[in-house]
Amino acid sequence: MRELEERILKDGRVLPGEVLKVDGFLNHQIDPDLMFAMGSEFAHLFRETGVTKILTVESSGIAPAVMTGLQLHVPVVFARKHKSVTLIDDLYTAEVYSYTKKTSNHISISKKFLDADDKVLIIDDFLANGQAVQGLFDIADQAKCEIAGVGIVIEKVFQTGHQLIADRGVRLESLAQITSFDDDRVHFASEQTD
Ligand code: 5GP
């Protein structure tokens, strides 16, 4: 998505550890117009798949997920993060290793918001090694619901998340695909096709 790539070039900052900081429009301050446009794009891409619910993880997945849910007219459920989970009877839970924080968290979704009739679209802000998406796959499996696809705002294609989703046979759509951070500059897959 051209508008997103231009915004990344304008406001993104490459940090050590192959981390892109985009707190000016996605991870802290949010640009609602850009977010709405991204929701439209996800809605367009997945409209025909019969999605009944959108799943994401708090907190940065919520904004793009809500903008997509708004345009597909389906509910959005976000997994909550906990250091540990003790009372788990009413929860689906999974363990997720955080790429940016380098710690493990449990994520959970209340059983009342997901069931076997659901067909879910997973939305997240970044795809790195796919641990957050894997955690949501685990939760969808526990609920025995179908996965319509994964929509990612910014995918770092040189990390392993892409393969993890391909191995599972799930459709992946990313609005910006970063191929490298060479020389502290962001390079996109679209540069090779333009
Ligand atoms: P994964 O679980 O795919 O390894 O990493 C995805 C999660 O880590 C995202 O939900 C996001 O919160 C965080 N993340 C991974 N890479 C980046 C990055 O380059 N920049 C930012 N801001 N967050 C990232």
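Backbone N, Cα and C atoms are what each Cβ position is placed from, and that goes for glycine too.
Unlike curated records, TrEMBL annotations are generated automatically.
As the structure is a computational prediction, the values presented were derived from the model and not from experiment.
Here TrEMBL flags LEU20, ASN27, LYS156 as xanthine binding site. If you look up TrEMBL, you'll see ALA128, ASN129, GLY130, GLN131, ALA132 marked as 5-phospho-alpha-D-ribose 1-diphosphate binding site.
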Report task. Identify all same-chain residues not among ALA128, ASN129, GLY130, GLN131, ALA132 whose C-beta atom falls within 8 angstroms of the centroid of the 5-phospho-alpha-D-ribose 1-diphosphate site's C-beta atoms; report them in sequence order. Result -> TYR97, TYR99, LEU127, VAL133, GLN134, GLN159, THR160, GLY161, LEU164
Report summary line: Between the binding-site residues ALA128, ALA132, the one whose Cβ has the fewest other Cβ atoms within 10 Å is ALA128
Requested in this report: May I ask which of the binding-site residues LEU20, ASN27, LYS156 is closest to GLY130 (5-phospho-alpha-D-ribose 1-diphosphate binding site) if we compare their C-alpha atoms?
Outcome: LYS156
**Report entry** Candidate nearest LYS156 (xanthine binding site) in space, where candidates are the binding-site residues ALA128, GLN131, ALA132 and distance is Cα-Cα
**Finding:** ALA128
Query raised in the report: In DSSP terms, helix, strand or coil for LEU20 (xanthine binding site)?
Result: strand
Query raised in the report: Excluding LEU20, ASN27, LYS156 themselves, which residues in that chain have a Cβ inside 8 Å of the centre of the Cβ atoms defining the xanthine site?
Result: GLY12, VAL19, LYS21, VAL22, ASP125, PHE126, ALA128, ILE154, ILE178
Query raised in the report: Max Cα distance spanning LEU20, ASN27, LYS156 (xanthine binders), Å?
Result: 16
Query raised in the report: In the structure shown, with every protein chain counted, which of the binding-site residues ASN27, ASN129, GLN131 has the densest set of Cβ atoms within 10 angstroms of its Cβ?
Result: GLN131
Report summary line: Checking the binding-site residues LEU20, GLY130, LYS156 for other Cβ atoms within 10 Å of each Cβ, the smallest tally belongs to LEU20
Query - Where GLN131 (5-phospho-alpha-D-ribose 1-diphosphate binding site) falls in three-state DSSP terms - result: helix
Report task. May I ask for the distance between LEU20 (xanthine binding site) and ALA132 (5-phospho-alpha-D-ribose 1-diphosphate binding site), taken between their Cα atoms and rounded to an integer number of Å? Result -> 17
Query raised in the report: For GLN131 (5-phospho-alpha-D-ribose 1-diphosphate binding site) and ASN27 (xanthine binding site), what Cα-Cα distance in Å is obtained after rounding to a whole number?
Result: 18
